[in-house]
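I have placed the structure first, in the form of structure tokens, so that the comments after it can refer back to it.
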Amino acid sequence: MSYTTFSKKKNNQLKEPMFFGQSVNIARYDQQKYNIFEKLIEKQLSFFWRPEEIDLSKDRIDFDNLPSNEKHIFISNLKYQTLLDSIQGRSPNIAFLPIVSIPELETWIETWSFSETIHSRSYTHIIRNIINNPSIVFDDIISNKNINDRAQDISIYYDELIRITAYWHLLGEGNHKINEKKVEINLKLLKRRLYLCLISVNVLEAIRFYVSFACSFAFAEREIMEGNAKIIRLIARDEALHLTGTQHILNILNNEKNNENMKNTVLECREEAIKIFISASEQEKKWAKYLFQDGSMLGLNKDILCQYIEYITNIRMHAIGFKMPFEKTSNPIPWINSWLNSDYIQAAPQETEISSYLVGQIESEISNQEFKNFKL
């Protein structure tokens, strides 16, 4: 199937599947097959923020006064988050847009990816405000084995989907010889690559950020590195929305009533999908041990974080129809919820530091029924 940026072939977008149908031609939003994506777009747009709005002058003083083990925790998490959002700032667009078939999902993916670029810009804003030479931090990211071991498991699923999709668009289905290697391209393989990639992205949004989030908020609970925590809170709010997006995509694919023709793919990939979750949770536990190798911090240690990883892994897997792999427990760090539930608060923006302010939240649609009790 040859990809085109604008198909002249008329089609009914309400009858197209989310993926592998006809390429989107007219980006129309008056009719939508899955209006959940429109709601996600509206929510993400209302969340718009810039890292420069947050004052980090006190954070520099706080960072200089941190003991060496806490500096290691703080900087290591920033390195890892920078890498994750560097991947997420480009990969959803490259991997998913060429195979998307409905405009609302296409626009959600573009909106999602754009917000990820704000996150990666935020880490630069934080690092250059607390360290004289940011290059010391950034140059270590690629060479740090503890970071790259985890990143590899994320990028491999994106890369495989991108590679197979490129062959499909260029050569079509069939058996091909590429660089002296035999390659079979078919829709079944493409669907498998898509589903596993979506699972991997869901795991990234669901689990991989939360060790870093917990550490940032633990610092702020002690009233230090508070500017950083305000930025991370905004990032966490966005990531929760992105997680909701991938959960909806996966649950739509899982539901036979939606005619997405993914039933067999979901069943065939189930075991591997579960392994992706379990592997990610084990990697995050390993990361927690790496962070706390030189000592714990007040209110948080590797054991508590490992319990938290199991707790959120259970919740995330259950949300997309998988069994909970770990013993069901309560949240070992319940105080984190006040940091993660910030989008429910609406505050007046007298100060630039307000981290829960939403824009574009006026309801402009009014029906005739709204005036039925009015008398003139």
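Start at 1 and count along the chain as shown; that gives each residue its number.
Cβ atoms are placed via backbone N, Cα and C, with glycine included.
Marked as active site by Swiss-Prot on the basis of sequence analysis: Tyr123. Neighbour count (other Cβ atoms within 10 Å of the Cβ, all protein chains): 27 for Tyr123 (active site).
According to Swiss-Prot, the feature Fe cation 1 binding site maps to Asp85, Glu116, His119. Under a cutoff of 8 A between CB atoms, and with a sequence separation of 6+ in the same chain, the neighbours of Asp85 (Fe cation 1 binding site) are Glu116, Thr117, His119, Ser120, Tyr123.
Residues or ranges marked as Fe cation 2 binding site in Swiss-Prot: Glu116, Glu205, Glu239, His242. DSSP assigns Glu239 (Fe cation 2 binding site) to a helical segment in the three-state reduction.
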Q) From the centroid of the CB atoms of Asp85, Glu116, His119, the recorded Fe cation 1 site, which same-chain residues not already listed sit within 8 A by their CB, in sequence order? A) Gln81, Leu84, Ser86, Gln88, Gly89, Ser115, Thr117, Ile118, Ser120, Ser122, Ile235, Asp238
**Q.** Glu116 (Fe cation 1 binding site): tally of other CB atoms within 10 A of its CB
**A.** 23
Q: Report the same-chain neighbours of His242 (Fe cation 2 binding site): residues 6+ apart in sequence with Cβ closer than 8 Å to its Cβ, ordered by sequence.
A: Trp112, Ser115, Glu116, Glu205
Q: For Glu205 (Fe cation 2 binding site), just count the other CB atoms lying within 10 A of its CB, please.
A: 23
Q.
Taking only same-chain residues 6+ apart in sequence, whose CB is under 8 Å from that of Glu239 (Fe cation 2 binding site), what do you get?
A. Glu205, Phe209
